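**Student:** Quick paste from TrEMBL:
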ACT_SITE  Glu80  active site, proton donor
ACT_SITE  Asp213  active site
DISULFID  Cys276-Cys308  disulfide bond
ACT_SITE  Glu322  active site, proton donor
ACT_SITE  Glu347  active site
BINDING   Thr433  Ca(2+) binding site
Amino acid sequence: QMMKHAWDNYKRYAWGLNELKPISKQGHSSNLFGNIQGATIVDALDTLYIMEMKEEFKEAKEWVEKNLDFNVNAEISVFEVNIRFVGGLLSAYYLSGEEVFRKKAVELGEKLLPAFNTPTGIPWALLNIKSGIGRNWPWASGGSSILAEFGTLHLEFVHLSHLSGNPVFAEKVMNIRKVLNRLDKPEGLYPNYLNPSSGQWGQHHVSIGGLGDSFYEYLLKAWLMSDKSDEEGKKMYYEAVQAIETHLIRKSSGGLTYIAEWKGGLLEHKMGHLTCFAGGMFALGADGAPSDKTGHHIELGAEIARTCHESYDRTSMKLGPEAFRFDGGVEAIATRQNEKYYILRPEVIETYMYMWRLTHDPKYRQWGWEAVEALEKHCRVDGGYSGIRDVYNNHESHDDVQQSFFLSETLKYLYLLFSEDDLLPFEHWVFNTEAHPLPVLHKDDGNKEENQK
């Protein structure tokens, strides 16, 4: 019902545009997608399919066939377009077998290739898809590319090579690892900034939240997606987790485990909502950890899940803030006005879903249901779902954006949390960072496509 409310209103007021403004009942365009249109449609395809919303899926597919156009003179975020558009199209293809999705995914993948034309092969953050000219975010340290952005292309690009027969996509992302493996890591940690011209780190900031997050997720998932044959990805992941445990994971005086941010050797005792995905990641990786560590990784996942649940529970609206702190006598609370908002983000619910599937402890479903009730009470408006400006306030101040990831991730993870484990089972599917399921590529199965059909 929530998906239907979100989708129907998008269709009514913003069809074909990127996102919906549910209060002003019109389209919302983010500069992340340049003037490519239809982000919500492409992002929601697999959710519609999984929820068996067949009519809606059919309308979405027809829109993609007729209207999804990449021949635009526009500068886009390589990372956002990859995880939402390429990821969304790949998933829609693997779930439905409809050729149009495969064709569009490969076409878009080809348009992203010029981003890698740098001295090191570390891609630019921004790319004009008509001219092929790239650049980095002007605010990024010393002209650097961002770890989470260039580190979150691997899953999609390996699948693009698999589906197109063109090895160039996989080669581009494998080269990124080569560059990273040659570099010295401060304390075994990966800084968030890397200069694509010099191949050297920018300032030594480390975060498992924004700017870093999905890089770590993709190391683990690259190994899982390769049917556990990508030993390099596996090694990089478990070594990174070791360094994170040593240098970033701390326990508050009240007993809450959190992941701090590292700035040139000094810790900032702050955790972002984005960082909350890590609970699910640690649990998902528990199985491949050294045998004496499996239980420890599950426990770590459970502790992060509990901390993130506390960040929700300690607000008036029972929805978590963008970032929360463990200093100056507060625990799991946002202390700065610009960190008190909630934009329909999925990461906490994502961790509940993984923890439920991997432990079947009923509290994760209970916590997920609390989130459903809070979303219905505070974020649902007449024209869709909106983010909230201050989760500690008793009166809603809506931000008037229904993010495409609300349909792609938040609602999908909730649906999976309350579904049976055989819906998209983990042994066959790996979720990209936008919750788009991609199939595990089995070693013995070069012509997997033929077999799937």
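Cβ coordinates are placed from backbone N, Cα and C, and glycine is handled just like the others.
What TrEMBL says about a protein is an automatic prediction, not a curated fact.
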**Student:** Whole-number Å only: compute the distance from the Cα of Glu80 (active site, proton donor) to the Cα of Glu347 (active site).
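**Tutor:** Glu80 (active site, proton donor) to Glu347 (active site), Cα-Cα distance: 16 Å.
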**Student:** So of all those recorded positions, Asp213, Glu322, Glu347, Thr433, which one's Cα sits nearest to Cys276 (disulfide bond)?
**Tutor:** Glu347
**Student:** Does Cys308 (disulfide bond) have same-chain partners at least 6 apart in sequence with Cβ under 8 Å from its own Cβ, and which are they?
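**Tutor:** Correct list: His273, Cys276, Gly279, Gly320, Glu347, Val348, Thr351.
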**Student:** Given the recorded positions Glu80, Cys276, Glu322, Glu347, Thr433, which one is most crowded in terms of C-beta atoms within 10 angstroms?
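**Tutor:** Max Cβ neighbours within 10 Å, all protein chains included: Cys276.
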**Student:** Expressed to the nearest Å, what is the distance separating Asp213 (active site) and Thr433 (Ca(2+) binding site) at their Cα atoms?
**Tutor:** 10
**Student:** If you draw a 10 Å sphere on the Cβ of Asp213 (active site), how many other Cβ atoms land inside?
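**Tutor:** There are 25 of them.
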